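I have placed the structure first, in the form of structure tokens, so that the comments after it can refer back to it.
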């Protein structure tokens, strides 16, 4: 550069300022391969610093991938558009941000993205987002909005991907960007909030799945609780299912008595009923010679000998007690003085006569002698009384069988008269 004479020193400075000299302001590079030596050294230093703070899950870069980064540009190309670092620092009043940056796109891409082209853009120092400059560089640049990053992250992004995109080939760039499924800055941050579960759908977009189970409305079963059928050993998880199953026992009674038309839900009830026909009384009283078919009947009879009356009247002033619960319930109805209509058979009381008449009709059916003997014609209110009566005919059965022409069935089977 030629300096002006002392006589025209002030005029030459005004005509040609020293900072407008092409020595300090080289033309910007037009191709990524024309990076100046200063930018190359700074990028290599920043990349080495990024290697020191690299996360432990990323392996160190191989020598083959670092070798192209250490190759300086050709002397012919660098002589036109390079300047050394000491000369730049000696110039007073020159700001650091005035250093021309390479025309390379600085976009934060995900780890699985691929580079489709060289997006050429200029990065401003104070703004994290970059814009494409289609007129300054080549005409192949495409504008892509970048993700806002912090100062440290933008420095790391500008250190390695920018330099690699200008020197290495696209296949090698893709392999470096996707080391172990992570980017150069490590694994991506996990999103806050509830994660949405997406089902894999290879033929179309991902299908959204609700991340919590949908419970059906209605009765739900409690944990660890089961309901057992009272007739059979089956168990159920809900009470409603057990009740539905219990109806099958009440409606269908498969155990039928061979001596009469009765049927029962289980075998134990049938065995208890067969004692009436067979006359078996396995429960004997220890105080007398009486025997009973059921244990409950023996217990009620034993209270007569012991004088035990466990069922006491709770009404104030009444000291009566009874051996059976049914007798106590009949006695308690006598204390209902607000119901003047009382039943003469069971001491029940009602507030009106219509209710009493309905109750008396039930007594008429209950005390009706529906069980009739086929040999002598006598009738009884219960089948038990009829069986006791039938035992008297066993002695002269062979004689009576020849003198009863109206008998239609065998003498051992009772006939029940249906009431209308």
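Cβ coordinates come from backbone N, Cα and C, glycine included.
Per Swiss-Prot, these features apply:
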- 1-28: region 'Disordered' (REGION)
- 54-80: region 'Disordered' (REGION)
- 115-155: region 'Disordered' (REGION)
- 121-154: compositional bias 'Low complexity' (COMPBIAS)
- 162: phosphothreonine (MOD_RES)
- 178-202: region 'Disordered' (REGION)
- 198: SUMO2 cross-link (CROSSLNK)
- 227-249: zinc finger (ZN_FING)
- 255-277: zinc finger (ZN_FING)
- 283-305: zinc finger (ZN_FING)
- 311-335: zinc finger (ZN_FING)
- 341-363: zinc finger (ZN_FING)
- 371-393: zinc finger (ZN_FING)
- 404: phosphoserine (MOD_RES)
Long-range Cβ contacts under 8 Å made by the zinc finger (311-335), restricted to residues 6 or more beyond its ends, are 300, 303-304, 342, 346-349
Spatial neighbours of the zinc finger (283-305) not adjacent in sequence (6+ beyond its ends, CB under 8 Å) are 272, 275-276, 323-324
Taking DSSP H, G, I as helix and E, B as strand, the zinc finger (227-249) contains 11 helix, 4 strand, 8 coil
For the zinc finger (283-305), the DSSP helix/strand/coil residue counts are 11 helix, 4 strand, 8 coil
Residue counts for the zinc finger (255-277) under DSSP, helix then strand then coil, are 11 helix, 4 strand, 8 coil
Looking only at the zinc finger (341-363), mean pLDDT returns 80
